[in-house]
Amino acid sequence: MNGHPVENSSIRLSTNTTDCPEVAIPNEIFFTIATLGILENLLVLIAVGRNKNLHSPMYFFICSLAVSDMLGSFYKAVENIFFTVFCTVSYPRCQELLAQTIDDIIDFMFILSLLGSIFSLSAIAADRYITIFYALQYHNIMTLKRASVILGAIWTVSAGSGIVMVIFSYKTVTIVSFTVLFCFMFIFILCLYIHMFLLARSHAKAIALMTTNSVRQGTNMKGVITLTVLLGVFLCCWAPFVLHMILIHFCPQNPYCICYLSIFQVNGMLIMCNSMIDPMIYAFRSPELRSTFRRLLCFHKPSWT
């Protein structure tokens, strides 16, 4: 994503003939952000795995989102390592021998990250919806077994779609499908939000009559707020790149479009920033997860084993 020769030709900026210079970001910055994103999300996975109090469907979906974020950072780390170590140092002719293969692998990891994030956020939204409006039946509806099946379906569909998109990456229909899926996720979660907030007030009045359920309702609404923040960060970090993909296919010669395409590397950096920001949101919004982070980082003996 930062101008290497193996990049998809459909997103190169060589056609930039306007007065807008291409904004270049050093590889060191990309690599640093990618490394932090991988380590932070790996910490999330370890924390949920070790703390039995976090073994719930919502945190499993959060782990799925963390894996997606790791892929979003890992593909850039792989790209930088490949070009720095193999192309520059060891194998000067690797561009001729492995260019297309590496390009496809990197593109697949990138698409898998985006699709995994989209479906994981949708699953978290559906989970929060059930906890609010079907609170008493939640544990019967959203069991760990069903959550595992949902996660399996998410990654199977994501992997299959990723392979198809890589094979047909030069087709306009692929970009259109990519964009439609992105918009569908946003509309789906938005509809859930509207329904939740329209009925939450009346539900809160009914549930407030019972103390324990009132506490549960407050916890569930806190989860909705966490999801809102995650979704907002996701849209801010990924939407510029999705817009880039649309512009490069539908108005590649327009001066205004070309000017926007000149910040391609900035858009790529935003994607990796999303991977770095999400774990901070988890820690800020979840006292249990924050406590687990603290115990892991300070090597305290856990009380939940």
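Every residue, even glycine, has its Cβ placed from backbone N, Cα and C.
Just so you know, TrEMBL annotations are computer predictions that nobody has curated.
Note on the transmembrane segment (29-49): residues 2, 55, 59-60, 62-63, 66-67, 69-70, 72-74, 76-77, 80, 268-269, 272-273, 275-276, 278-280, 282, 289, 292-293, 296-297 of its chain, located 6 or more positions outside it, place their CB under 8 angstroms from a CB of the stretch. The transmembrane segment annotation in TrEMBL covers 29-49 (among others).
Under the heading domain 'G-protein coupled receptors family 1 profile', TrEMBL lists 40-282.
Panel annotation: around the transmembrane segment (56-75), residues 33-38, 41-42, 44-45, 48, 106, 109-110, 112-114, 116-117, 119-121, 123-124, 127-128, 131, 142-144, 146-148, 150-151, 154-155, 223, 230, 271-272, 274-276, 278-279, 282, 289 of the same chain, lying at least six beyond its termini, place a Cβ under 8 Å from a Cβ of the stretch. Positions annotated as transmembrane segment by TrEMBL: 56-75 (among others).
The feature transmembrane segment is assigned by TrEMBL to 105-126 (among others).
Residues or ranges marked as transmembrane segment by TrEMBL: 147-169 (among others). Through the fold, the transmembrane segment (147-169) approaches residues 8, 10, 57, 60-61, 64, 104, 107-108, 111-112, 115-116, 119-120, 123, 177-178 of its own chain, all at least 6 residues removed from its boundaries and within a Cβ separation under 8 Å.
The transmembrane segment feature in TrEMBL is assigned to 175-200 (among others). Nonlocal intrachain contacts for the transmembrane segment (175-200), taken as residues 6+ away from its ends with a CB within less than 8 angstroms of a stretch CB, comprise 111, 114-115, 118-119, 121-122, 125-126, 128-129, 132-133, 165, 221, 224, 227-228, 231, 235, 238-239, 242, 245-246, 249.
As annotated by TrEMBL, transmembrane segment applies to 224-248 (among others).
Same-chain residues lying 6+ beyond the ends of the transmembrane segment (260-284) with a Cβ under 8 Å from its Cβ atoms: 1-3, 11, 13, 16, 18, 20-25, 29-30, 33-34, 36-38, 40-41, 43-44, 62, 65-66, 69-70, 72-73, 76, 113, 117, 226, 229-230, 233-234, 236-238, 240-241, 243-244, 247-248, 290, 293. TrEMBL lists 260-284 (among others) with the feature transmembrane segment.
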